[in-house]
Amino acid sequence: MFRNTIRALPLLLLATLAIASPHALEQREAAPGRVEDLLKGALNAIQQLIKDIITGAKSGITDEISNKPLVCLQRLDVCCVWYDVSAELTKNFKEKNGECNDNARAAVRFGFHDAGSWDKTSTHGGADGSLMMDFGEETRPENNGLQTVRTLLRSIQAKYKVGYADLAQYAHNHGTISCPKGPRIRTFVGRKDATQAAPTGLLPDVHDTADNLIALFDRKGFSAHDLAALVGAHASAKQRFVDPAQAGKPLDTTPGVWDVEFYNDTLNQPTKNNPNIFVLPSDAVLSVHPKINDEWISFVGDQPHWNEDYAKAYIKMSLLGVTNLKDLRDCTRTLPRKTNK
C-alpha cells in the first residue's frame, strides 16, 4: 500500500456487452470528483448496490459463491471467464499450509498502487490497470517489488483476455480471500482500461507525517476511519525497501493470515520488543494519531469489525476514477471460499 514498503516476490448482462472483449470497449479517462459524485439521481441496480455499500447501508462482504456451470457462455454471463482466472490465481496465491504467499500479498499491494494514483482533481489515473500495462509505471521507485506479480498478472491477462483494470482489482480481492480470515469483498468487473500512465505523487509515502497521510487520503475521498481500516492490509505484508538490511521482515506476527494482530503488534512497538517484526514509520505515527487511534484500538481483537470496514473502504478504492459505474457487474461469486485456518 505504501511506497517502497511491502515485499512482492515469488489481489443478467446484455449479450451485446458480454460478447465484447474488454479491449473492444471504449477506453477511459477519469473525471474529476469522488465516487459519491457519480451516485446521484436515478441509479441502476449495480449503482445502488455500490452506493449502499459505501454509505454503510449494506455490507461490502458476501458469502455468495458458486462453481463454474458446466455450460458457461461468456455472451450471456460476463463472469464466466473469471471462474478460470480465479482458479489460476488460487494456484499462485496459496501455500501448501493454506496460508497466503508472497504473490498474494503482492497482489494486494498491486491493487492499491494501481487504484491509488488518483485524487478528486485527477483527470486520469485510478483503477484503470495502467500499472499492468505498457506505460512504464513498473519502473517507478514507489512500485519497486511489484514486477514479479505484474509479470504473473500479465500472463493471466494474455491467456484469458480480461481487462487490465478489472484484473488488478480482482487480484487484490482474490489475494485478500486467499489469506485465512480474509473477507470476500464484493468484486465488480467492467472498468475501462487506461490510455496513459497514472499521475505521479499521489501514493502515500512510508516516511510521511500522519497529518499529510490523512490529508492525502481525504483528497481521494477517504476519512481517517477509512484510512485506519485500509492500513490494515499490512497484516499480510513484508517490508523489503524501507530497510534493505531487514528485507523480508513481516509487519506483524502472522503475515500469512489476514488478521488483526497487525493493529496490536504496531501499538506494542515490536521493532523494539520483537526483532522478527518490522514497523513502518507511517504505521507507527498513524496508530497514535488522535484522529485514528480510537479506531485503531477498536480493531484489536475484533476481526469482523475490521473486515467490514476494510471491505467498505477498499470497494471505494477499487472504483477511484471509474466513471462507468452503470456498466459494472458483480462477479464476487467466482472468488474462492473463505478459510479460517
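Every residue gets a Cβ built from N, Cα and C, even glycine.
The disulfide entry in TrEMBL for Cys331 points, among Cys79, Cys80, to Cys79. The Cα of Asp259 (Ca(2+) 2 binding site) lies closest to that of His234, out of the recorded positions Cys79, Cys100, Arg109, His234, Cys331.
Cα of Gly126 (Ca(2+) 1 binding site) to Cα of Thr254 (Ca(2+) 2 binding site): a distance of 30 Å. For Cys79 (disulfide bond), the spatially nearest entry among the recorded positions Cys100, Asp128, Ser130, Cys179 is Asp128, judged by CA separation. Around the Cβ of Thr254 (Ca(2+) 2 binding site), the same chain contributes Ala235, Glu261, each under 8 angstroms and 6 or more positions distant in sequence.
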